[in-house]
Structure formats: C-alpha cells, structure tokens
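Enquirer: As listed in TrEMBL for this protein:
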type	residues	note
COILED	59-86	coiled coil
COILED	243-292	coiled coil
DOMAIN	17-58	domain 'B box-type'
DOMAIN	144-185	domain 'B box-type'
DOMAIN	331-522	domain 'B30.2/SPRY'
Amino acid sequence: MVEIAKRLSFQAAKGAGGGEVCGEHQEALKLFCEEDQTPICVVCDRSRAHRAHMVVPIAEAAQEYKERIQAHLKTLREEREKLLGLKATREGNSREYLGGFATYISCPQCRETFPQRKLRLNRQLRNIVEAARKLRLQTGREPAPERLCEKHKEPFKLFCEEDKIPICLVCDRSKEHRDHTVIPAEEAAEEFKEKIQARLKTLREEREMLLTFKVSGEKRSREYLRNTQTERQKIVSEFQQLRQFLEEHERLLLAQLEKLDKEIVKIQNESVSKLSEEISRLSDLIGELEGKCQKPVTELLQDVRSTLIRSAKGKFQQPEEVSTNLELRLGDFSQKTVALMDTLRKFKANVTLDPDTAHPILVLSEDQKNVRWGYKPSPMPKNAERFDSWACVLGCEGFTSGRHCWEVQVDVGGEECWAVGVARASMMRKGRINLSPDEGIWAVGLWLGQFRALTSPEETSLPLSQFPNSIRVCLDCDRGQVTFIDADDGAQIFTFPPGSVPRERLRPWFWLGQESQLSLCL
C-alpha cells in the first residue's frame with residue numbers, strides 16, 4: 001500500500017512540474033535530436049554536441065513517431081487478437097478439467113489467499129484510494145503560473161518581429177519562425193512600452209490641448225453670450241427710449257403746431273376785425289360824401305371844409321398778412337418734419353415677395369420685388385401656404401415686435417383693383433376668405449372706383465381727392481397699430497388704432513385685380 005501511495009505522489013509532483021527536464025541544464029525537454037534519437041532542451045541545442053545535428057520540436061518528432069508506433073500497434077494488435085483467441089480456447093479446455101474447483105485470490109496487503117466469493121471490506125485500502133483521488137483533484141485545481149504556448153506548453157519568452165506575436169523557445173526552432181527576426185519578450189515589451197509611453201504622451205498632450213481649447217471656447221462663448229445679452233438689453237433700452245422720445249417729440253411738435261395754429265388764427269381774426277372796422281368807417285364816409293354831392297349848392301357848401309378834412313384824415317395802412325416770425329417758425333417745423341421723415345426711413349423694412357404663397361395667376365419678378373396679374377395660371381407646386389382663391393401673395397418677412405415700414409408703388413389698369421396691408425402669418429389660404437380683420441387682414445385698397453379700408457363688420461370708404469400712387473405701410477407691433485400714408489405727399493390715409501392688430505407674427509399682404517401691378521420700392 002505504501003508503494004502505491006508513493007507512486008501516486010510522484011505522479012502528482014510530476015504533473016505539477018510540467019514534464020521531464022534536462023538533467024544537465026534543468027530545462028524542459030522540448031526538442032528532439034534526430035541524429036542521437038534523444039529528447040534535448042533548448043540549451044543542449046546550442047551546445048557543440050548537437051550544434052550540427054538536425055533538431056526538430058519534440059511535438060513534431062512525437063507526432064512522427066506516433067505515426068510509426070501506430071503502424072506497429074496495428075500489427076501487434078492483430079497478433080494479440082490471435083493469441084487471445086488461442087488463450088480463450090485453452091482456458092475453455094482447462095475449465096472442463098477444473099470444473100468444480102473454486103477460484104482463489106490473494107489479499108494485496110497480507111497476501112492471504114481466499115475464495116473469490118468470500119470478500120472482506122478493506123478500510124485501509126479505501127482510505128488510500130480516497131486520499132489519492134483528493135490529491136489528483138487538488139493537483140488539477142492548481143492555476144498555471146503564466147500563459148503558455150498552446151502548441152508546445154512553453155512560456156512565451158520570445159517575440160517574432162515579422163508576425164508581431166509572442167512565441168515560445170520551441171516555436172523559434174520551427175519552420176514557421178526559423179527565418180524570422182526574434183528577440184527576447186522582455187526587450188520587445190520594453191520597446192513597445194516606450195512606444196506606447198511616447199504615444200500616450202502625445203495623446204495626453206493632445207487631450208490637454210483639446211481641453212484647453214474647450215475651456216477657452218466655452219469661456220469665449222460665455223463672453224459672447226454675455227455681450228449679446230448686453231447688446232440686447234441696450235437695443236431694448238435704446239428703442240424704448242427712442243419710442244418715448246418720438247412720442248414726446250410728437251406731442252411737443254403737435255402742441256407747438258397747435259399753438260402756432262392759434263397764433264395764426266388770432267392774427268387772422270385781429271386783421272379781419274381791423275379790416276372790418278375800417279371798411280365800415282370807409283363805407284360810412286363814402287355814403288356821407290355821396291349824399292353831400294346830391295344836396296343843393298347851399299347845403300353842399302355848408303360845412304364842406306370839415307367834410308373834406310374828415311375824408312382826408314389818415315390813409316388806411318394795409319395790415320401784414322403773415323408776420324416774418326411766423327414764417328420762420330413754419331420753416332423750422334418743415335425742417336423738423338424732414339429730419340423726422342429721414343429718421344423714420346431707418347425703420348424701413350426690406351420686404352420681398354414669397355413665391356410659395358403666390359396665387360397661380362400672379363407673376364413675380366426674379367428679384368421678388370414686383371408682382372402683376374398674369375393672363376393664365378402658371379404651373380406651380382401645390383402646398384399648404386399657397387392662396388388658391390383670392391389673387392394674394394405674402395411677403396417673406398415676418399414681424400413680431402418693433403416698428404417697420406415699407407412702400408408699395410401702384411400701377412393699375414383694367415379694373416383698377418388692388419389692396420395692401422398686413423396679415424396674420426397663420427391666416428387661411430384655401431377657399432373663399434373674407435378680406436377683413438376677422439380673417440386676420442388689415443389693409444386699404446381700391447376697387448369698384450372707391451378707395452376703402454378693410455374694416456369689420458363693414459368696409460370704410462375713404463373720400464380722397466385723388467388715389468395714391470405710392471403707399472407707405474407703417475406697422476407698430478408693440479402698439480398693435482397699422483398706419484397707411486400717401487408716400488408722395490406724406491398725408492395720412494387711414495390708421496387701424498392701437499390694439500387693433502394682435503401681438504403675433506405678421507407678414508406683408510398684397511391683393512391684385514386684373515391687369516394690376518404692385519412694386520416694392522427700394
């Protein structure tokens with residue numbers, strides 16, 4: 001039993017050690033010398049004893065000899081089968097002679113013989129077997145100390161520079177790597193570590209540069225956003241002040257004009273009163289003199305001297321029609337009005353026509369500044385924005401706040417029908433619509449020989465001495481007001497009062513009748 005235990009322990013130690021080693025160099029026997037027909041280690045391969053010999057990996061030699069052995073085994077198995085057949089025949093003959101005798105076996109420990117049928121439990125042997133089984137299980141669970149070559153079970157100690165893979169010492173002698181440049185794995189690892197470290201340094205520098213750029217960019221963006229917010233606040237504040245200034249300036253100018261009107265009326269009334277008094281006095285004197293001439297000579301000559309003195313007393317001085325001071329003040333107001341008009345021109349919007357909204361009967365110019373009535377509908381793509389009933393078109397621009405002005409030149413013909421104004425960007429485009437504020441349209445125009453404002457519930461007729469050729473549309477989104485002015489003489493045509501227009505996106509709106517044409521002034 002002790003010998004069996006020792007043998008099992010030796011097998012376990014051998015399995016843990018990884019195979020037989022060279023007795024001289026203590027290296028694993030991984031090569032095979034074909035001249036000496038013996039396994040050798042990698043150090044033996046470099047020695048003088050085997051330097052000129054043909055050496056192959058032991059796995060290749062083992063495979064070759066396995067094939068040879070398999071051939072011999074086939075022959076031997078055939079011979080064994082023949083012998084087994086012969087043995088069976090002879091045993092059969094022996095049983096015939098020993099028919100009634102029992103078979104005896106011996107105990108492996110005390111060597112006592114006993115019949116096969118009388119077996120006893122050997123607890124000591126059972127314990128040894130269980131100990132051996134546990135030893136094998138423990139040996140199998142021991143982890144490998146390092147990665148090994150799958151083919152030769154050798155650690156990767158070399159590196160093939162051609163294939164860029166780690167190899168073992170046996171792979172180095174194989175045909176696959178025999179002509180390749182091979183260096184120790186530690187040197188290759190150190191070299192690649194240096195390359196990786198250099199690349200890491202570059203990558204870290206690039207990352208730092210990008211992080212710096214990111215931080216700088218974010219900082220600049222925040223500064224730009226602060227600047228835009230500051231500018232936004234300035235613009236809002238400036239326009240609030242500008243609106244306040246314009247409103248105050250408007251009130252001041254109108255008050256001064258009203259005062260000037262009163263002064264002119266007062267001067268005119270005083271002049272008329274003086275003229276009336278003088279006319280009455282002269283009328284009385286003329287009547288008196290005419291009566292005097294009709295009297296007899298005696299009465300005519302009576303008090304004639306005093307009559308002549310009264311008629312010759314002081315000539316009437318014609319009053320001045322308008323004082324020089326008033327003329328200067330009127331001229332000053334004219335200059336202020338011109339300056340105000342120049343200021344208001346700065347609010348002039350650059351409006352262009354939107355071809356996606358134009359009715360198919362309308363023809364737009366290439367610069368989208370002119371629209372006219374066509375002779376037949378043009379083939380246009382259908383979309384939800386296009387008018388399909390009224391010959392209307394919208395401007396491209398949309399306004400939600402501030403003041404905006406644009407001028408429209410009118411060239412009519414045929415029916416002389418047209419209208420200009422503003423409309424909700426969301427107004428209905430399909431089917432018959434009512435051209436009024438109820439449908440989101442605030443406009444003025446000419447049709448059926450009358451100039452009208454498109455008010456609700458009914459249109460408002462505007463009695464103008466002559467129809468305007470150019471109209472300025474002034475939209476104040478903040479006050480919800482639209483004003484139409486004759487651009488030629490500056491006369492106000494009509495105003496939708498404050499609060500009439502909702503505070504939502506508004507777009508310029510145009511409607512044309514047959515042979516009419518509208519142009520947006522630059």
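Positions of Cβ are set from backbone N, Cα and C atoms, glycine also.
Curation does not apply to TrEMBL; its annotations are automatic.
Structural setting of the listed features?
Expert: Mean pLDDT for the coiled coil (243-292) in the predicted structure: 79.
Taken through DSSP, the domain 'B box-type' (17-58) splits into 7 helix, 11 strand, 24 coil.
Panel annotation: around the domain 'B box-type' (144-185), residues 18-19, 28, 30-31, 42, 45, 55-60 of the same chain, lying at least six beyond its termini, place a Cβ under 8 Å from a Cβ of the stretch.
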Enquirer: Would you kindly list the residues that approach the coiled coil (59-86) from elsewhere in its chain, counting only those six or more residues past its ends and only Cβ-Cβ distances under 8 Å?
Expert: 32, 34, 39, 151-152, 170, 174
Enquirer: For the domain 'B box-type' (144-185), give the DSSP counts of helix residues, strand residues and coil residues.
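Expert: Its residues divide into 6 helix, 11 strand, 25 coil.
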